[in-house]
Amino acid sequence: MKKVVKVKDITIGEGMPKICIPILGETLEEIKEEAELLSTFDFDIVEWRADFFQFVEDMDCIKLAMEIIEENLGDKPMIFTLRSLKEGGKREVCEALYFEINRRVLETKNLDILDIELFHDKDEIESLINLAHKNGAKVIISNHDFQQTPSKDEILSRMNRAAQLGADIVKIAVMANDTEDVITVLDATRILKEDYLKIPLIAIAMGKKGMITRFAGEIFGSDITFATAKKTSAPGQLSVEDVKNIVQFIHKHTI
């Protein structure tokens with residue numbers, strides 16, 4: 001029995017891939033501008049990329065930013081993401097601070113979904129997952145490679161490991177340098193959904209060559225896709241209008 005993840009009015013893991021747009025503001029003013037802009041678009045989930053925020057180590061500023069996003073996009077589930085530099089983030093955050101910030105965000109009890117990177121200390125990850133679930137938040141365990149696409153077996157291994165840690169959703173995003181890389185990601189997505197995972201999956205081949213993976217989730221098994229309203233957070237992201245039109249077209253002609 002496949003599980004879905006229900007957050008607010010959004011069900012992740014069935015139907016069309018849900019569209020997520022990141023907020024990338026460096027200041028409270030920029031976050032407010034982006035949140036107000038996003039409120040005019042039709043999409044499903046907002047991701048706050050807190051690694052872009054200049055005051056990410058100031059908990060009072062983090063709370064203010066979350067309040068601004070909630071005021072403008074309160075009907076949307078929010079993902080809190082503190083992306084590390086090694087996985088494509090904006091700034092370096094030491095291991096201890098990474099977990100401390102994520103813990104304090106969860107303790108606000110005002111978060112829907114937390115993104116935790118796979119390649120951190122296992123015990124710390126499990127502790128954070130337990131805290132998230134205690135405070136009513138879902139967890140994405142993610143892995144990103146902005147240089148290459150690992151082998152199919154390695155993708156399967158990483159996502160199975162993420163699921164075994166207790167994730168509600170697992171995510172893999174890798175760089176596609178050629179069409180073979182794209183096929184590797186699509187087939188790994190198919191295998192994970194058909195043979196391994198009972199939870200929602202996000203699978204993306206980044207870059208222009210991997211663009212098809214952002215649209216074909218309903219066919220191959222990826223449950224969330226990322227789009228942009230302003231700035232991009234990863235190579236190959238397209239506008240929310242383009243993504244929505246193509247995802248809806250595929251849905252219409254595959255059901």
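Glycine is treated like the rest: Cβ placed from N, Cα and C.
The 3-dehydroquinate binding site feature in Swiss-Prot is assigned to GLU47, TRP48, ARG49, ARG83, ARG214, SER233, GLN237. All protein chains included, ARG49 (3-dehydroquinate binding site) registers 22 other Cβ atoms within 10 Å of its own Cβ.
According to Swiss-Prot, the feature active site, proton donor/acceptor maps to HIS144. HIS144 (active site, proton donor/acceptor) falls within a strand segment according to DSSP.
The active site, schiff-base intermediate with substrate feature in Swiss-Prot is assigned to LYS171; the stated evidence is sequence analysis. Counting Cβ atoms from all protein chains shown, LYS171 (active site, schiff-base intermediate with substrate) has 23 others lying within 10 Å of its own Cβ.
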Reduced DSSP assignment, TRP48 (3-dehydroquinate binding site): strand
Cα distance (Å, whole number) from LYS171 (active site, schiff-base intermediate with substrate) to ARG214 (3-dehydroquinate binding site): 13
Spatial separation of LYS171 (active site, schiff-base intermediate with substrate) from TRP48 (3-dehydroquinate binding site) - C-alpha basis, Å: 16
Rounded Cα separation (Å) that holds between GLU47 (3-dehydroquinate binding site) and LYS171 (active site, schiff-base intermediate with substrate): 14
ARG49 (3-dehydroquinate binding site) to LYS171 (active site, schiff-base intermediate with substrate) - Cα separation in whole Å: 15
Close in space, distant in sequence - HIS144 (active site, proton donor/acceptor), Cβ under 8 Å, 6 or more apart: ARG83, GLU87, GLY88, GLU117, ILE172, ALA173, VAL174
